[in-house]
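To start, the structure itself, in structure tokens.
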Amino acid sequence: MGIFVTDIPQGALERLVEAARAVRLNAHAPYSKFKVGAAVLDEHGNVSVGCNMENGAYPLGTCAEAVALGSMVASGGKECRAIVIVGSGDTLITPCGGCRQRIAELAVDGTDIYCVAVTGDDIQRLSVEDVLPNGFRL
């Protein structure tokens, strides 16, 4: 696992987990039935959420992480300090390749990625470098 530099404020992880679990229920997943929720903490301490949205033309679907990050930017946030991702079932999920790059674009040094189970306390903490080693930067 990576080196973690940024500590998020007390209680922020619990808020993010609760928000990601709640928004997951709103996911539009009529084809796969695989619902995903994500919650992002920005530099102001604000939480932005997103859920996945499938489309009959499969490549047009949108990941929960992309929606949450877009919501953060639309709300005025510029830095992703932490992101929580909640999938379906008992298995923890990690971001897809595209979302790993999206997170890296908005991350600061030490941004935490938390992969969380739908229920219970199973949490995997990852760094951006863990999920996207040697990531592309302009």
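Cβ from N, Cα, C; glycine included.
These features come from TrEMBL:
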DOMAIN    11-138  domain 'CMP/dCMP-type deaminase'
BINDING   N52, M53, E54, N55, G56, A57, Y58  substrate binding site
BINDING   C63, C96, C99  Zn(2+) binding site
ACT_SITE  E65  active site, proton donor
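Of the listed binding-site residues, namely N52, N55, the sparsest CB environment within 10 A is found at N55. Counting only residues at least six positions away in the same chain, the Cβ atoms of V36, A38, N52, P95, C96, G98, C99 sit under 8 Å from the Cβ of C63 (Zn(2+) binding site). In the three-state DSSP scheme, M53 (substrate binding site) is classed as strand.
Shown for the domain 'CMP/dCMP-type deaminase' (11-138): DSSP residue counts in helix, strand and coil, namely 41 helix, 36 strand, 51 coil. Sequence-distant neighbours of E54 (substrate binding site) (same chain, 6+ apart, CB under 8 A from its CB) are H28, A29, P30, Y31, S32, G61.
Closest by Cα distance to E65 (active site, proton donor), from the binding-site residues N55, G56, A57, is N55.
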